[in-house]
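Everything on this sheet refers to the single structure shown next.
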Amino acid sequence: MTDADDFCPTAEDGAESDQQHPLILQRVQEEPKSWQTVASNRLKKNCSCTPKKAKSKILGFVPIVKWLPRYQLKEWILGDVMSGLIVGILLVPQSIAYSLLASQDPIYGLYTSFFASIIYAFLGTSRHISVGIFGVLCLLVGQVVDRELALAGYLPENSILSSNDSSILLGNGSFGMDCDRSCYAITVGATVTFTAGVYQVLMGIFQVGFVSVYLSDSLLSGFATGASLTILTSQFKYLLGLKIPRAQGWFTLFKTWYSVLSNLQNTNVCDLVTSLVCLMILLPTKELNDRFKAKLKAPIPFELFVVVIATLASHFGNFNIDYGSGVAGTIPTGFLPPQMPLWSLIPNVAVDAFSIAIVGFAITVSLSEMFAKKHGYTVDANQEMYAIGFCNILPSFFRCFTTSAALTKTLVKESTGCQTQISGIISALLLLLVLLVIAPLFYSLQKCVLAVIILVNLRGALRKFLDLPSMWRANRVDTSIWLVTMATSALVNTELGLLVGVLVSALCVLARTQQAKVLKLGRASNREYYEDVSSYRGLQTHPGVAVFRYDAPIYYANQSLFKKSLYKSAGLDPLREKSRAMKFKRKKKQDVPEGKPTHEHEAAATLMENKSLRGVVIDGSSISFLDTAGVNALKEVRKDYAELGVNVVLAQCNTSVLDSLQRGGYHPKAEGDGGEEAVIFYTIEDAVRYVQSLSAANGVQDSKC
């Protein structure tokens, strides 16, 4: 049996009746609305206030008011208390350690974790994520702080004169004070944090939470890994006890390694030995925690044990006095009075704060959605932006720096039985106890111990390098985005890495539409279903009618490629045929006597050449949209093929594409009789039969029918 036999209409199967009655769908006609009506309706929707709407807004803005009355005390309290205590214990050494990354004194890291935990518990929609200090954001804040300290004339952190002979007079809008290096550092950090929080709240107000979808997992993972390499490099000076300033600008990784290698002879042996001992303890114990996390009810807080033991050893061994080892120094108890941001500094840090705001929000939303999906509930991306925004704005008045969700602590929180954000409040209460009572006891804690804690917590990000082969096999495009983002973040500049990652992701999406090809379709033998003939066996094609599909939108950037791919797949390029016809015409002018018309010869030659193709059906089901260039491209295809006697029709187009075709004048109107209706096909089968009927009307019959 041949292809033609399968598709010849017969009386038995009613094909002739189907030809006369193709599928017709009636479009719903939307009533046109003036802009005044649209504006009025939106104002009524967004600005009207009823008791029910006010209650809904309040409950939506402060989610704890909604879920706390339904708190299941007996079922949830034990898990929340356990996870809150464990995370709080982990936060103490990590908050102190990550203060180094942000170029701040240890007390400010404790402040930051305390306020962020409480505020997110009230405003966040995720039940599981832990919001607090995150290494990448600390690095970004620290880079801004060091830059502004240098611009303000402060000497490097380890200079002997830095605290005595370096001070400036600050005017923060409300009062002036002599501010030493530490004071100005937290003022810069708090100003950056305030500005980033304002950005995040504004994005929440304007409902732009959707921007998180443009930051893919591969982009964020590559950015975090690249930043982790920078963090790792920045901590080596503490591991070796070197007193060198943090590198600024681009290529900080290379600058830092150059400084470290150039100053190796100045290594502090006490710090080096302490670092090696702490690494030998923490690396295997953290691995044990990871390996047996399914059996352990809670991870063993080895970090806290190391901090306590190292602090005692440093205190009684006089490491700071006898060996010159760098220590945390004085950590006061209680809270300092609130202080306004340094308004005059905001223009200097506005660009930096924007990138920090985007990173913080993206990390928080991605983690929130990941754990919400895992546990079967939903989170509100815009509310998350409000929550993380206020976790930055309000604490900035209490000398805190930027926060976001943190993966490691969130995993610990989930694995130890967390059910709600009550666990965050428990963690905050534990930090409050440390702030009010215990903090001064960490005076003798060596900075190299804090650096070891940071390095050990980078293991997860650095392990991504081991996943590269599997990532490459799974998706080469995503892996390429990961590699480019990681390399730029680590080797060039951290903030630039994020921007480059976004641009590369956008270019990859654009490239995919550029690389889309027109596919020739065939019909299944027992169904009216069409699929790519090169991908499936047993598909049958129609004699004289070719069916094609284009798996991409048609717009200005790829319309030319679409036409080339279609002509190539059809095996008939109208432009080439025109060129050949012109050559044929010139040749006949030379061979035929003057006065005899040559048009008949040209038409006959073209008809003989293209006798096998009489119609083209374009399946528009995969064309998501058309712009003006796309509509014009389809017009040109139809016009070019019409000159060769080949009919072109579209099938299965969505309503958006149909509207674009109508607005673009794809369907011509005949003059005189009121115009002709646009021929629209909702199935490929109807389109094929229509093209076959046109061929039959023109006297071209299939010999098998």
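Using the three backbone atoms N, Cα and C, a Cβ is placed for every residue, glycine included.
Whatever TrEMBL says is automated annotation, not expert-curated.
Range annotated as transmembrane segment by TrEMBL, chosen from 218-240, 540-562, 632-654: 218-240.
Contact between the transmembrane segment (218-240) and the transmembrane segment (128-145) is present: at least three CB pairs lie under 8 Å, with pairs separated by 6 or more positions in sequence.
Of the two recorded stretches, the transmembrane segment (128-145) lies close to the transmembrane segment (386-407), with three or more CB pairs under 8 Å once pairs fewer than 6 apart in sequence are set aside. In the predicted model, the domain 'STAS' (535-691) has a mean pLDDT of 79. Touching of the transmembrane segment (76-101) and the transmembrane segment (486-511) is ruled out by the presence of fewer than three CB pairs under 8 A, sequence neighbours closer than 6 excluded. Sequence-distant contacts of the transmembrane segment (184-206), counting only residues of its own chain at least 6 positions beyond either end whose CB sits under 8 Å from a CB of the stretch, comprise 102-105, 108, 141, 144-145, 148-149, 152, 154, 168, 170, 172, 339, 341-342, 345-346, 349-350, 352-354, 356-357, 360-361, 382-383, 385-386, 388-397, 399-402. Between the transmembrane segment (486-511) and the transmembrane segment (341-365), the number of CB pairs under 8 angstroms, six or more residues apart, is three or more, so the stretches are in contact.
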